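Engineer: Starting off with a structure, shown below.
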Amino acid sequence: MTSPRRTFAIISHPDAGKTTLTEKLLYVGGAIHLAGEVKARGANRRARSDWMKIEQQRGISVTSSVMTFEKDGVTFNLLDTPGHEDFSEDTYRTLTAVDSAVMVIDAARGIEAQTRKLFEVCRLRSVPIITFVNKVDREGRSPFELLDEIADVLALDVTPMNWPIGMGGEFEGIMDLKSGAISRPEGDSRVFTGKTDATPLSDRFAEEVELAQGGYADFDAEAYRHGDLTPVYFGSALKDFGPAELIRALADFAPPPRPQPAEPAPISPEEKEVTGFIFKVQANMDPQHRDRIAFMRLCSGVFKRGMKLTPTGHGKPIAVHSPILFFAQDREIADEAFPGDIIGIPNHGTLRVGDTLSEKADVRFTGLPNFAPEILRRVQLKDPTKTKQLRKALDDMAEEGVTQVFYPEIGSNWIIGVVGQLQLDVLLSRLDAEYKVAAALEPAPFDTARWVSAADAGELKTFMDQNRSAMAKDRDGNPVFLAKSAWEVNYVADRYPKVSFAATRER
Ligand code: G4P
């Protein structure tokens, strides 16, 4: 009998405390012995790779990683989503591989831009969310105000599960609203070491807690799992208030691996056949090697080392001899993995983002999206004899999901699109180091892109003919409209009501 799985990600805006919380979750989960090791280990790991110099310079992690730990008989797979402003499509796509998410917000700042974007991706796939309001040991906004903001901005029902007794200098602990037990800060550093009590509250806080208990919907696990309600925990990752409760909440409420959308029919985790999909490909840990690691989310069956899996639609079966499981301490060679687990599969570029791998060849997971780029650049080749290499490089990187590439109908300059600035640096540095192509990026006269389609082929053709200078094809030959602004997208959409303009495209 295998242990239950909880595969989740943490979504947040930079600085809200995701790294701190990750460390504490791993610590509570017994995966690391000292808080602080995540960063150090990250730095060590990064030092190994060359193009990841960018990561070091910027002090951020470009690539998502996977951390597995076990607590009280439950196996947790925490998928890291880079939280910097320069986040990429990887960040979005990682959310297609999880069953739930923890949303961390800063008690002083509330919902910030990036949290909201990531939240929208979760909503697209009805990924249920547990909210953690962090940093209550500092001055923050009133809990009522924060709850209202979450409810309004995200259009979710909210249920506070605990309540901060004061914040900042007045912080006296966190009350569990069900049991009434109060977790208390201790010592000079005011951390939580496990001391709880149930002493009566002062009038002011008693009143607040009463309002909190009466003023919100009761927790409804079903509504949470549907993505309609979020339980809210207040705490301080830094001072150890919250991490243990979050792990318990994930174990008690978060969904186990869910059936995944697929053709011809959704795949249930109970199915015997091994299936999974690639949501991320990480290349060039060492630029001298063509090795890549494809990250597969296992969706059904029990995976065993050495098993042969076939990528749907292309290629022969591949034998997976050295799969990697990502324990927080070390990368371990996996002998077995279960639905919800993530496996790293070393390969030489055969596996692409969006691929389905299975024992039987006739299923295909759907719904792994491409996202409309938010930054577009023209690629200018410095040495015109390298056109072929450039095309190969751009196609490779589009396959990996690093960048998207668009081939305009008119003109010869290819356009690349990314969702975060950092991807541009990664692109240039890899073109140079790996493909020996010197290129420059110049501003493109476009700001965003939409995949266009229409039920009536004639309508689509009319639109494309009338907007030829803004039309391009993506790597797979799908028509894309390049727009100068979001405003232009709306304007054109109004004029061509029979054409649809999509900001995401399923791969
Ligand atoms: P991120 O990964 O979401 O970007 O955030 P990170 O955990 O790095 O935290 C950002 C800053 O907020 C850090 O301070 C961290 O110590 C602090 N922080 C995180 N959780 C809490 C909390 O519960 N209470 C308080 N008071 N602070 C918290 P820093 O000074 O930027 O970095 P550091 O040098 O202390 O690591």
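Here, residue 1 is simply the first one shown, and the rest follow in order.
Glycine is no exception: its Cβ is also placed from the backbone N, Cα and C atoms.
Heads up, here are the entries from TrEMBL:
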DOMAIN    3-258  domain 'Tr-type G'
BINDING   12-19, 80-84, 134-137  GTP binding site
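Tell me about the setting of these features in this model.
Structural biologist: Taken as a whole, the domain 'Tr-type G' (3-258) shows an average pLDDT of 85 in this prediction.
For Val136 (GTP binding site), other Cβ atoms within 10 Å of its Cβ number 26. In the three-state DSSP scheme, Val136 (GTP binding site) is classed as coil.
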Engineer: For ligand 1, which among the binding-site residues Ser12, Thr81, Val136 have a CB under 6 Å from it?
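Structural biologist: Close enough to ligand 1 are Ser12.
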Engineer: Using a 10 Å cut-off, grab the number of neighbouring Cβ atoms around the Cβ of Lys18 (GTP binding site), all chains included.
Structural biologist: 23
Engineer: Including all protein chains shown, what's the count of other C-beta atoms within 10 A of the C-beta of Asp15 (GTP binding site)?
Structural biologist: 13
